[in-house]
Amino acid sequence: MSAVLDLTCELIARPSVTPDDAGCQALLAARLKQAGFQCDHLRLGDVDNLWATHGLGAPVLVLLGHTDVVPTGPRESWTSDPFTPHIRDGVLYGRGAADMKGSVAAFVVAAEQFVADHPDHPGTLAVLLTSDEEGDAIDGVRHVARLFAARGQRIDWCITGEPSSTATLGDLLRVGRRGSLSAKLRVQGVQGHVAYPEKARNPIHQAAPALAELCARRWDDGYESFPPTSLQISNIHAGTGANNVIPGELDVDFNIRYNPHWDAPKLEAEITALLERHGLQYTLKWHRSGEPFYTPEGTLRAIARAVLAEHIGRAPEESTGGGTSDARFIAPLGAQCIEVGPVNASIHQVDENVRVDDLEALPGLYQRLVERLLV
């Protein structure tokens with residue numbers, strides 16, 4: 001097997017369901033140390049974080065990834081055991097194959113080869129890994145970014161190995177991400193018998209106009225490469241299960257994916273004003289997952305576009321779509337951030353997989369990116 005395939009299989013065999021690293025970072029740190037990297041373990045609580053650096057000074061290029069994976073779901077639904085890597089018809093199967101143990105393995109193989117070829121390279125090459133990307137994302141890169149901000153750690157460029165490709169490796173370059181804001185809304189009513197509505201207050205009826213306005217609102221028309229801001233209701237519940245009882249309260253969960261027209265405080269104020277205008281008796285709890293970030297045209301984008309175009313024979317699509325990633329914690333440090341990784345068709349699914357040809361091409365892509373940025 002190739003170096004990257006062998007290492008990916010070793011990582012898949014470690015059942016690192018978030019936030020358990022299951023020994024992945026110890027394995028990777030040993031390899032990076034052997035290649036000459038300085039490794040610092042920044043563990044917090046149950047979360048493992050690894051910061052490995054080679055070289056000194058600016059510019060600083062970070063390869064950002066995570067060693068944790070999502071749960072497998074019913075293991076009997078998998079064609080083969082999710083933590084026993086299997087290759088069938090040129091495809092590697094296993095939890096984390098695409099998201100993102102393949103990218104992490106490719107980072108390490110590319111870093112090893114780069115420092116072997118350029119032992120005295122300018123600037124600093126760093127690898128940052130966490131076991132808290134798929135979970136709460138509090139004690140992982142968010143924590144490390146706070147440490148970096150406190151000590152003035154500079155980061156110029158960040159390449160995240162999230163599975164960004166859609167049909168073929170390198171067909172999409174992620175140049176930003178939307179912000180994410182979640183809310184839990186509870187509308188208070190008065191429970192009663194459906195035959196005596198005058199003695200009750202139905203929170204469903206009261207909240208319906210406000211929810212309709214929230215869902216119908218056009219928040220903006222997009223922002224540069226970003227789509228329009230979107231609010232989606234994800235859960236709604238009221239009632240006792242009986243059809244003769246007016247419920248006493250209504251619970252609604254919703255999420256907003258927003259572009260740089262907005263920030264979390266502005267959205268919170270806007271929605272609070274709407275609820276107040278409808279005269280609801282309510283409580284509202286917010287959870288801020290991260291603000292949007294965007295990498296404008298510049299050195300990193302231009303080099304990444306050129307490297308991917310060489311691989312696929314055409315310019316990649318450049319997008320800010322998809323969910324959140326840990327790059328949202330690195331961007332506020334002043335870094336230009338992009339995401340380049342495998343095809344994402346099977347991520348978080350039963351029989352997650354990556355094409356072996358794509359996996360074996362990935363270290364070369366990453367190494368070319370590093371060389372053009374640092375050499």
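FYI, residue positions are counted from 1 along the chain as it appears here.
Glycine residues also receive a Cβ, built from the backbone N, Cα and C atoms like all the rest.
Site annotation for Zn(2+) 1 in Swiss-Prot covers His66, Glu162, and the matching candidate from Asp40, Asp99, Asp117, Asp120 is Asp99. All chains included, 15 other C-beta atoms sit within 10 angstroms of the C-beta of His348 (Zn(2+) 2 binding site).
Of the listed binding-site residues, namely Glu134, Glu162, the sparsest Cβ surroundings within 10 Å are found at Glu134. Under DSSP, Asp68 (active site) is assigned to coil, being neither helix nor strand in the three-state scheme.
Asp99 (Zn(2+) 1 binding site) carries a helical DSSP state (H, G or I). Contacts of His66 (Zn(2+) 1 binding site) defined by a Cβ separation under 8 A and a same-chain sequence distance of 6+ are given as Met100, Val104, Leu129, Thr130, Ser131, Asp132, Glu133, Glu134, Gly140, Asp326, in order along the sequence. All protein chains considered, the CB of Asp99 (Zn(2+) 1 binding site) has 26 other CB atoms within 10 Å.
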